[in-house]
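Among the features that Swiss-Prot reports, active site, tele-phosphohistidine intermediate is placed at His85, with the record citing sequence analysis. What Swiss-Prot lists as active site, proton donor/acceptor is Glu188. Residues or ranges marked as substrate binding site in Swiss-Prot: 84-91, 97-98, Arg134, 188-191, Lys199, 215-216, 259-260. The site 'Transition state stabilizer' annotation in Swiss-Prot covers His258. The annotation transit peptide is assigned in Swiss-Prot to 1-48.
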Amino acid sequence: MATATSHQSVVSFASLRSSPSSTISQCGFKIDSSLSFTSKKTNFCKIKAMASSVSYDNTLLSPSKTIPDNSQKKSNEAALILIRHGESLWNEKNLFTGCVDVPLTEKGVEEAIEAGKRISNIPVDVIFTSSLIRAQMTAMLAMIQHRRKKVPIILHDESEQAKTWSQVFSDETKNQSIPVIPAWQLNERMYGELQGLNKQETAERYGKEQVHEWRRSYDIPPPKGESLEMCAERAVAYFQDNIEPKLAAGKNVMIAAHGNSLRSIIMYLDKLTCQEVISLELSTGIPLLYIFKEGKFMKRGSPVGPTEAGVYAYTKRLAQYRQKLEDDSEVLCA
């Protein structure tokens, strides 16, 4: 497995925005119906290796969102938390879910709450989620457990009217809130004609080898669906354009999303190869912590619990944040 300091090539996203295989639709994209059961090979099975662990390549950012030079010079440190949503109703039923919008099970709700307890002492300034309810439920339930007790508020920018109607006019209330930004680009991989089918029955119908290829290969999509490679195109591009600039500015970010969109982002952060990422498994409701500093991502694993000493020993800033929470709590109890 590649480490955070290796310089292996992974996937190149030079042509992300001009991919001919997808266009935006209700689920965020529409898969070209010309896709077949065979691989639709593309040129970007290699991510550009960078001089630092993860550094900026401004050619991949849109001009309006290019990170200013002064933000790159700052030595801001920021936390990045990744959480796969809790168990969904279709996870429980062993169905292919993809972009079908199904809620959490009771177990999934408990997983989201437990995830929140694990990160309750880690600062969060902004939350990104997919546009799917299971990821949004996970984000909201997790943040309810945070010791700062700030209220997560979903931002609606789908229209000017939606923006106006959901406006908050109290500065005090705004200061006690955390913005939640939904993005279809963080949605689960679209499973095409497999969505809603039972996984076991699908294996019996098409053969175990064929279904395994659809599910675990990097560049072979299911019928009229996305490959992991195609999912990575949109997820990593969104991360580079919208999330990395927040981290560079010192904002602490949480992402609540899905197995394949998060695997894509981790592939980028950890510089995994195409072969390494297909064996990466993410459990539901388990948070992963990264520290972003001086243009580099440092993987810190998963917090075992809110009082795990190791999480706060990683950086002086996290230790100070936790101590402030303790001091504030003592003042309130006095």
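Don't overthink the numbers, they just go from 1 along the chain as shown.
Each Cβ is built from the backbone N, Cα and C atoms, and glycine gets one as well.
Positions of the features from Swiss-Prot, shown on the structure.
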| residue | record | contacts (Cβ under 8 Å, 6+ apart) |
| --- | --- | --- |
| Arg84 | substrate binding site | Ala257, His258, Gly259, Leu262, Leu282, Ser283, Thr284, Gly285, Ile286 |
| His85 | active site, tele-phosphohistidine intermediate | Leu104, Gly108, Ala112, Leu132, Arg134, Ala135, Met137, Thr138, Ala256, Ala257, His258, Thr284, Gly285 |
| Glu87 | substrate binding site | Leu104, Thr105, Lys107, Gly108, Glu111, Thr284, Gly285 |
| Trp90 | substrate binding site | Phe96, Thr97, Val100, Val102, Gly196 |
| Gly98 | substrate binding site | Glu188, Arg189, Met190, Tyr191, Gly192, Leu194, Gln195, Gly225 |
| Lys199 | substrate binding site | Asn94, Leu95, Phe96, Val211 |
For Arg189 (substrate binding site), the number of other Cβ atoms found within 10 Å of its own Cβ: 27
